[in-house]
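Please read the structure below before turning to the comments.
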Amino acid sequence: MHDPILGIRDLDAFYGDFQALYGLDLHVDAGEVLAIIGANGAGKTTLLRSIAGLMKNGAEQVRYRGQPIGALRADQIAALGIALVPEGRQLFPSLSVEENLMIGGRTGRKGPWSLDAVYNLFPILEERKAQASTSLSGGQQQMVAIGRALMANPDLILFDEISLGLAPIIIKDIYAALPGIVGEGMSAVIVEQDITKALSVSSRVYCLQEGRVSLEGASDALSREDISRAYFGIA
Amino acid sequence: MDWVNAIVQGTLLGGLYALFAAGLSLIFGVMRLVNIAHGDLIVLAAYLGLTTSVALGLHPLAALLVVIPAMAGIGYVLQRGVLNQTLGDDILPPLLVTFGLSVIIQNALLEGYTADPQKMDAGALETASFGFGGLTLGVLPVLTFAVAVAVIAGLQWMFYRTPLGRAFRATSDNQDIAQLMGLNKAHVFGLAMALSLAVVAVAGIFLGIRTSFDPSIGGGRLIFGFEAVIIGGLGNLWGTLVGGVILGVAQTVGAKIDPGWQLLAGHLVFLLILAVRPNGLFPRVDA
Ligand SMILES: Nc1ncnc2c1ncn2[C@@H]1O[C@H](COP(=O)(O)OP(=O)(O)O)[C@@H](O)[C@H]1O
Ligand SMILES: [Mg+2]
């Protein structure tokens, strides 16, 4: 039994009057890879944005290493060691590839990740480092987004649909790099539409449905039927 | 030769307009804020320079050592204390609040300094001149232009070569994601406004040495700065310098045709360029 690195309790989230999350409970154990699956609009991105500090939460709704962080600003949470690889990559178009990576390292946290380490992981980025990030292919942009998050030397890294819109061969490459990333003692949360992929890289999985947890369990213990039911809400 | 002279003098005047414009352009680039009080802040800087140079017995240019940090400090506090609260999806609140600020500054200056025109005493610098290829150039306009070029080059370097500039560009691109990188946007915006008002300090001092000023002239300076920014293309600092020069040349050439046409000629050229190139001559071209 480990201590959770992240604990979420009774988390709600709103966009104006619209409620996207309803009393969510969830935890991430230290050193584990946790998968979050669920249909489009289930609230996966909202959950990650809440953890990263981009939604308004109560302090106690998100605890990190035993500290309440729910009410902190996103930049304060980043400084504590939580990094998000956002859905759709969201690179800074005015910054070159290398500048995108460098700004990821702005928190000044110590650790194994540096420009050299990222270039080692994704050598193509070193060749393209002076280019505008918008000039890269989708897969290369995703590498920049991952590298940018790693540059912060996070203890907990959140991946939001890193395979979205990429060719299968690129997805394979990126997932092949994952063990080298999370093997460094990092904990990870992976949001993924591709259920097989999500189950194969994770130790535990939560399924979200319409803003609620509809299923949770060990990734190798859940049956396909359970997952389909939790995913689509078919009784 | 008269026409060449008008064009050269107009170019030099454009340096002053570029100084009016650079801070405006910076703020708009980083946080999409149109600062209606920009001109009044220039006038405020001129008065601060006047008071500093009189009280401490300094040359107005030496007063920059006091006025630049003072205006930068005012900028940071103003941004964090007031303007940050107005920024959001709606563009109206910052316009209204900076308009209110403009009124407040004008009235405060009226209270403090009366409506009488004032001028800074820069001694020999005001009248010194030298011959150049058959033209007579004032040392002050040439110095103003050189300072404008240096300020723009410095801002350009800061924007594209330093971590601060990287933070400005990233925050301008995407505030949420910049925040995820550990950048506190409230602080980043405060720094941007501090820098903007540091440039305003330089603009105000050179304005106050060149001409007499009173609390009411801020609006006109805002318009010149605004026109220079738009002519050059939003978010392009060198474009802003070119915009200032075009405006300055239009004014001096217009004045040469008929002294009453000086301001009108500037506005007409502005409208003409806006009609032909709505995004200005050199709009920023990133995605
Ligand atoms: N910016 C927003 N404004 C309003 N509603 C939103 C916004 N973002 C997401 N939503 C809504 O919140 C719900 C959850 O969205 P999201 O977290 O993006 O789901 P997922 O990532 O699982 O596809 C959806 O119903 C979506 O329409
Ligand atoms: Mg999503």
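Keep in mind that glycine also has a Cβ here, set from the backbone N, Cα and C atoms.
Listed features, source TrEMBL:
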TRANSMEM  B:12-34  transmembrane segment
TRANSMEM  B:41-71  transmembrane segment
TRANSMEM  B:91-110  transmembrane segment
TRANSMEM  B:130-159  transmembrane segment
TRANSMEM  B:188-209  transmembrane segment
TRANSMEM  B:221-247  transmembrane segment
TRANSMEM  B:259-276  transmembrane segment
Range from B:12-34, B:91-110, B:130-159, B:188-209, B:259-276 with the greatest count of C-beta pairs under 8 A to the transmembrane segment (B:41-71): B:188-209
Surrounding residues of the transmembrane segment (B:259-276) on its own chain - C-beta under 8 Å, 6+ positions past either end: 224, 227, 230-231, 246-247, 250-253
Distant-in-sequence neighbours of the transmembrane segment (B:12-34), which means Cβ under 8 A and at least six residues beyond its ends: 42, 83, 87, 91, 94-95, 98, 137-138, 141-142, 144-149, 151-152, 155, 168, 171-172, 188-189, 192-193, 195-200, 202-203, 206-207, 210, 221-222, 224-229, 232, 234-237, 240-241, 243-249, 251-252, 284
Surrounding residues of the transmembrane segment (B:130-159) on its own chain - C-beta under 8 Å, 6+ positions past either end: 1, 4-5, 8-9, 11-16, 18-19, 22, 26, 122, 165, 168-169, 195, 199, 202, 206, 209-210, 237-238, 240-241, 244
